[in-house]
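The block underneath contains the structure these notes are about, expressed in structure tokens.
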Amino acid sequence: MEVAGEVLASESQLHVLAVDDSHVDRKVIEKLLKISSCKVTTVESGARALQFLGLDEEKGSLGFNGLKVNLIMTDYSMPGMTGYELLKKIKRSSAFREIPVVIMSSENILTRIDSCLEEGAEEFLVKPVKLSDVKRVMNDCIMRGETEGNKRRRVDKRKFEDDNHASSSSSSSIPSSPSSPLPSSPSTAATSSPLHSLKRAKLRDHN
Amino acid sequence: MDRNRLHNKVASMRRSLFDQGYLDDQFIQLEDLQDDTNPNFVQEVVTLFYNDSARLIQNIEQALNSRPIDFCKLDDYMHQFKGSSSSIGAKKVTNECTAFREYCNAENAEGCIRSFQQVKQEYAILKRKLEVYLQTVRQASQTA
């Protein structure tokens with residue numbers, strides 16, 4: 001487990017905790033994040049991630065290294081604790097539920113994506129992860145500080161773009177099962193579906 | 001070989017790796033991530049890939065030799081193999097892994113065994129080509 005070594009961590013840099021059991025993927029995601037000006041800590045499992053955060057039963061909910069984590073990016077399929085299980089634990093913890101969690105998976109399975117988003121994942125990235133995916137996640141993270149109202153307007157705008165984009169999308173990774181119909185009224189932004197289709201749009205944009 | 005000829009050789013080897021479908025876009029992602037702070041990044045990632053692959057190939061061999069065959073375990077290993085080959089842009093290897101997983105899902109032992117030969121073959125070819133290519137890249141960068 002690689003622990004952030006710098007004594008004077010820049011407050012303005014996002015600190016990302018990346019969780020993946022694959023050596024190759026850990027190395028790549030670390031580099032992608034560093035190139036995107038993030039501080040990175042990589043761990044190989046959900047258990048290690050929880051330890052790092054300080055979510056151990058023994059340690060209570062205080063992180064032991066003092067460096068705040070701004071974002072968690074985790075692989076879905078890992079032995080022991082899956083990324084989904086890690087996501088749930090984080091979202092159910094009072095201390096860490098506000099941390100955005102992004103799931104990465106090589107498998108583009110609709111039910112999997114749905115359950116992750118429903119459990120509170122910020123995004124679902126299809127592997128292999130590219131620099132453009134990471135940059136987009138960074139942007140979304142920065143924009144997270146917006147008010148609900150601004151967010152709603154942004155969602156509606158993207159929903160409009162999504163509708164226009166869908167007709168020209170030619171990605172072969174789109175699941176063949178029919179997607180849920182987009183709500184026609186923008187005022188339904190309070191429900192999860194516009195955000196849901198926003199995230200699906202992000203999926204389609206991949207590649 | 002002088003600098004220009006080496007650089008031309010590198011360029012033509014690289015082009016051929018892509019044209020013949022051994023590598024895809026994701027390899028370019030890795031190349032783009034290499035910089036002065038990390039001048040051996042591509043080689044390091046590829047080395048990790050070789051290490052992981054060697055281990056996984058061994059695990060898959062064992063799993064294929066055991067009776068009864070544990071298709072779940074097989075699929076799990078192959079999922080990992082496919083994941084890392086896809087992460088470095090090893091297109092042909094990734095495709096063979098996909099084919100293998102289909103036989104696995106169908107619990108077709110014969111198919112798995114045959115398909116695994118293909119996986120190993122493609123992997124061996126890629127490894128050889130990549131080693132030569134990256135060695136040439138190194139030579140080119142060291143030539144004054």
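Heads up, the Cβ atoms here are built off N, Cα and C, so glycines get one too.
As given in TrEMBL:
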- A:166-177: compositional bias 'Low complexity' (COMPBIAS)
- A:185-196: compositional bias 'Low complexity' (COMPBIAS)
- A:197-207: compositional bias 'Basic residues' (COMPBIAS)
- A:15-142: domain 'Response regulatory' (DOMAIN)
- A:Asp75: 4-aspartylphosphate (MOD_RES)
- A:148-207: region 'Disordered' (REGION)
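Confidence in the domain 'Response regulatory' (A:15-142), given as mean pLDDT, stands at 91. Assigned with DSSP, the residues of the domain 'Response regulatory' (A:15-142) fall into helix, strand and coil as follows: 51 helix, 24 strand, 53 coil.
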